[in-house]
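> Quick one: this structure, given as structure tokens, is what I'll be asking you about.
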Amino acid sequence: MSSALDEDTQQTIAAGRETAGAMLRAAQKDLQKVFIVFLVGFLGTFYALRLYVWEFFRGVTKAQMDASVSGNVSIIAQTPFDVILLQAKIGLVVGVLFALPPFIYVSRGALKARDAWPKSPVAPWKLALIGLTMVALFAAGVAYGYFVFFPFTFAFLAQNAISAGFTPSYSIVKWAQFIFLLTLSFGLASQLPLAMTGLSYAEVVPYELFRDKWRHAIVGIFAFGALFTPPDPFTQIMWAVPVILLYAFSLYLARVVVTAKRGSEKIDVKSTATTHWNLLAGVGVVVGLLVYAFYEYGGVELANDGLAAIGSDYVFLAPGSGVALGAFVVAGGFVGLAFGLAYLVYRDIERLERTEIGVGDPTKLDLSALDVAGVRAAPPEAFADLEEDEVMALASAAIDDGDKAKAQALIDRFDEAEADREAEAADAEDEPGELEDRTTRAGGAFVSELTEGETDEDDIGGYYTDIAFIVDSLTSRAFWVVGWFMLVLATTFGWLYTGGIRDVYDDFLGRLPAAVRPEEVLNVVALHPMEALIFEVKFSTILAVLATLPLVAYFVWPALRERNIIRKRRRTVFVWTGALAGGLLGGFALGYTYVAPTVITFLVEDALAANMIITYRITNFFWLIFFTTAGIGLLADVPILMVLLNTAGISYRMMRNRWREVTVFILAISAVFTPASITTMFMVTLPLMAAYGVGLGVLFVLTVGGRRDLSPARGAAE
């Protein structure tokens, strides 16, 4: 193993081992104390979960549910050890986190001896302030999750499952993982103000980058939220909107901090406060009086009535004494004073920023304030980012003022800047970029090594050329392909989401014998809060892929003909689509009418004979229905597709010789679109390969053992 690592890597690993050993030796006499801290964290977490946390989580889960929904929601343990093992795992993680700081502290001597102890020029109190800020922001994000997001999300998910005819019986493991994952996501997202401000202040990431790339940030926020939240728009918006607002606040805060840093010598907070002391005092008094009026003149009652109107259980409490009321008033006055001072300082910062921009940034030059000579003498950067409509507006304003020479000068300077931009763009197109050039060389070298400099049509070089040509021909039509895919996906998901899955469920149960239909005999449950929605997304994706394949075939058909892969004309796509759709629908009708009900009935009756309580997961139940309905149609389509491919020029011998590649491809597709189980993957792959074998048998008969294909093979003379 060591021979596989270079010398530098081996030295780094050895140094790490020595450092870890030195830390353990240095902390050896204090390991008992570290273990006690670990034990406190472990046992404290274990019993806190048992006595308080699970009940708190259950309360958060059902906070916004009405009585009918709440009565159907239950948290279950699938195995006897689920609860205790989950508590132990969480306790271990918390215990390690508790023990890590004291372990590092007691081993600091070894780290200092190896010069691995950080030497920060930042004062300890500043580090403590940053740490407290991080904790406060994390707590604020978690509070939003527990008191706003989770109650509405769980109520929505439970109602969605019940309306579809399922029972929300959440596994405690999956339920806890869902809560902890979203808790972590809210906690991390709440660090945006500190992260953006710190990066901008340290100039690691310029503030201008955060400001200019805000559209990319919004897309990233929604993408990040899609990984953690349910796939419905409501909960994604509830997650993304607060984070977007937090990004805007962070951007504002970063601007203040960066501008203050750049002009720190020209801003005097004390002088600003002294100059405007009367204004600050007035703001503090007004805010204090508003707090007093809120508590003394019906503000508490109005606020509580508003909270009750939106279904919230939270209430404002009136202070218990005059002393407490006075403290609230004084605190409100100081808060108003702080905000007033912050506003005045920010106003000074903005004035300074405008002054600096006006002096040093030619792109911010105000062209409307210049005369003819000023326009002609302005730097080219002042016109570089202007649009034509902006220049015409400036020229029109100059004409309205009677200055036609200035209007003509503006247009002339804009034309010059436009010509420079076009010349730069032409030069950029003529010279390939460094990354593109490297990619081309790397791809060419890779294919050349595999093909030994020759690109025969039947080796990997020939396949690479074919695939690259086909993909390139499809790129120009990618908008139509993606648009059609998304349309089918959204339509199917919307139908399932708005009650379609319940209609399918009820119709299918109506085809089962009466003995296996009562709820006490056959029950379908959701073990994960998002299980029903995830199944709807996967099923919609499969249908969208099937609906998009004919469109893809239509667009790539000319490229396939040009590469001599197929020989039929493009109108053949319609024949193919009709034949495959007929096979799919015929197999689906057969499976939905006879195969699926027979299989479900057999399984249920077998379980009833053993006196078992039958409870199926949503995913397992509906994937079973899918495989025994649409799966029959897909199996029927395999021989049909093979015959069609043979008529298009794919020879019988090629299909027979390439069965290994087909097997690997089907395994990969099964791994993506079926439940995460090796057994299920093989249960899908084996029938499809059996159908592939049937197709080979049919082609063997039709082509007389491969001697007479239904169409000339690829590469044959026309």
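Glycine residues also receive a Cβ, built from the backbone N, Cα and C atoms like all the rest.
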> Using Swiss-Prot as the reference, determine which range in 214-231, 394-411 is annotated transmembrane segment.
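In Swiss-Prot, the transmembrane segment feature sits at 214-231.
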> Can you dig out which of the ranges 572-592, 593-613 Swiss-Prot describes as transmembrane segment?
572-592
> What parts of the chain pack near the transmembrane segment (621-641), using Cβ distances under 8 Å and only residues at least 6 beyond its ends?
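For the transmembrane segment (621-641), the far contacts come to 501, 508, 524, 535, 539, 579-580, 583-588, 590-592, 595-596, 599-600, 674-675, 680, 683-684, 687-688, 690-692, 694-695, 698.
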